[in-house]
Amino acid sequence: MSVCSNICMLYFLFVQTPGVRNFKLQKTSVGVSAGASIKQKILHWCSNKTRGYEGVSIENFSSSWSDGLAFCALVHHFFPSAFDFSSLKASERERNFTLAFTTAESLAGCCPLLDVSDMLLMGNKPDPFSVFTYVQSLCQHLSKIEREKKEREKAEEGKSQVETKDRGSREREEPEEEKGVVKGGVIDEETREGEGSPDDKRAPTEEDSETKMETDQNDNGVNRDLETETSI
């Protein structure tokens, strides 16, 4: 092999090898960044759901969960009638862990990946990886419940709107003839009551005139008789 060939080969190895190493480093850094992003999203989600709960401040996957109140607050947010959060105390760690893990398992179907005794032994700084593993599973189950609840509410709202629209359509489609009959009947009846019968509206005849004259004469006679009796 010539000297020129050796030089070319060395140059090729020298130039290409760093590029491969850089690619591996970039790939690893992307994976770490994605993992960190997921953890931050879960922390942010848990923090939002537990905002306003006394004694709960979720900032990490270790000390923030050490007394069990954070677990209880997260579960209580979705199942407020399951227990009274205001009665819990940070000093009663065993009670808090037991309550949170059992309630999450029975109502949310989340398996207790953390053991109560292990959490008690780890003290104020439990293992972040163990806590994150359980919290991630718990968030998945609670998010599913929240999504299903919203879907049910949306379906019920849509059903209510459809029923309201159908009821309005039926009212608009009511035959005008039926409305006219009822309305017309009332108007005609009132008109008849106010204006009298058709017989009252016919033109007077000679017979009616004679009858009226006789009636007037009789009335005048009766009146004269009454006046006479009064004067006597």
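Cβ atoms are placed via backbone N, Cα and C, with glycine included.
Summarising the annotation, TrEMBL assigns domain 'Calponin-homology (CH)' to 36-143. What TrEMBL records for 147-181, 193-215, 222-232 is compositional bias 'Basic and acidic residues'. The region 'Disordered' annotation in TrEMBL covers 147-232.
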Could you break down the residues of the domain 'Calponin-homology (CH)' (36-143) into DSSP helix, strand and coil, giving a count for each?
69 helix, 0 strand, 39 coil
Within the domain 'Calponin-homology (CH)' (36-143) only, compute the mean pLDDT.
95
